[in-house]
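Peer 1: One structure, as structure tokens, below. Some questions next.
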Amino acid sequence: MKPVGLHPGNAEGVEEAAGSGESAASRKLAEHAGDPISLWSGPCYPQRPQLLIHHFLSIPSLESRPIHVVLGNEACDLDSMVSALALAFYLAKTTEAEEVFVPVLNIKRSELPLRGDNVFFLQKIHIPESVLIFRDEIDLHALHQAGQLTLILVDHHVLPKSDAALEEAVAEVLDHRPIDQRHCPPCHVSVELVGSCATLVAERILQGAPEILDRQTAALLHGTILLDCVNMDLKIGKATLKDSHYVEKLEALFPDLPSRNDIFDSLQKAKFDVSGLTTEQMLRKDQKTISRQGTKVAISAIYMDMEAFLQRSGLLADLRAFCQAHSYDALVAMTIFFNTYNEPVRQLAVFCPHAALRMTICGILEHSHSPPLKLTPVPSSHPDLQAYLQGNTQISRKKVLPLLQEALSAYFDSTNIPLGQPETEGVSREQVDKELDRAGNSLLSGLSQDEEEPPLPPTPMNSLVDECPLDQGLPKFSAEVIFEKCSQISLSEPTTASLSKK
């Protein structure tokens, strides 16, 4: 059978596996097994990817078999990817019935290179990209319509509008951010406000079946928690007691894990490496979107100094083209880098050709007390762009997102200027100034009390991206193809392995 929807280069290996038992993926794994691991060498990184070994059987009538997809968020950062892989591993190892659990990376395969820390860690842990399944390689909607799909969401709990039909297939949620009750699926929801979702996955494994935890899985969870919690730095304030507990627990179980500093420094360097990326790729690398009444604002994390970013050749034209291509009305770029003392430095810029909307967003951010960003304006020669130094480095994007939602609400409540038109068309300068003053006054009156937080909506999740590139047509990926794809990575155990809980 010619499999449909697999990444080019895998099809031949799947066909060979049916006859010879050896796939192209297995040959690739053998090739990778001899690769040097210059920085992190030693027994903690096995040569074969134990993490991705599932209990798969040669079952007839695959078209009727249920498929449990463990799906991370659309940002597919390291936490989302590792949480999906590790949770699928745990569920497959501890499920007594003949069930199939498939971790799916919620991006196109072509977008993985934009996530340098993901690529780096996969290579160091010896997990070839060819054995992973990406969102553009599986048609979840077709599987759902066929009655075969069960979804388990990790590191998010709200599906985008394009996946709204899949909500009834969601059986479980495991997340570490505040719940958006308006959109949370009606299923078992486990949410705890910790620094990394990988911490909750580690807890699930160590409390439920600690005997299945191998060094590879432990190394992935350990490194991800360290990166998410900024090497457990108390001054940053991202790590909770639970994050610290499970990092220490993993280190006690596997004392030969690489040192915290080595792991964190290497992953951070890979994450912040934007060399060779275009401006558009940098903006897409770690981006979220919010919208209200058709007005969309993109929020991108940029891993470099704001001064260097603003000096990029043709930046203004690139920003304008990016917004036009994706129908964004405004773009907020939040830069972060580490100084020579390894201290985080945060900066922020607002790009918006519409003066009223730009001034409203800037007013909210400048005068916010809950949380206080402590912004200092930076002179800019671009009329449509306002940049700031952010004095409060503990305020990350997830805490800024509610402020931007508030700004959109206030904009529509306080001005009648049509957003789709330049402010000079049909509206006088005096009218614009009046509207801006009225909007600013209404905003400041609601943000003037330091002792009381305004009733902001919950922090949006990565999955609140209303328009994601996955809206394009997906290739058909049948149940048989999924089983064949997964069989490529079942290398270290016979396919007749017992499914009984260990």
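Note: Cβ is positioned from N, Cα and C throughout, glycine not excepted.
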Peer 1: Of the ranges 1-27, 28-54, 136-162, 244-270, which one does TrEMBL flag as region 'Disordered'?
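Peer 2: Result: 1-27 is the stretch TrEMBL calls region 'Disordered'.
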Peer 1: If you check TrEMBL, which stretch out of 277-300, 445-468 is marked region 'Disordered'?
Peer 2: 445-468
Peer 1: For the domain 'DHHA2' (264-408), give the DSSP counts of helix residues, strand residues and coil residues.
Peer 2: 58 helix, 43 strand, 44 coil
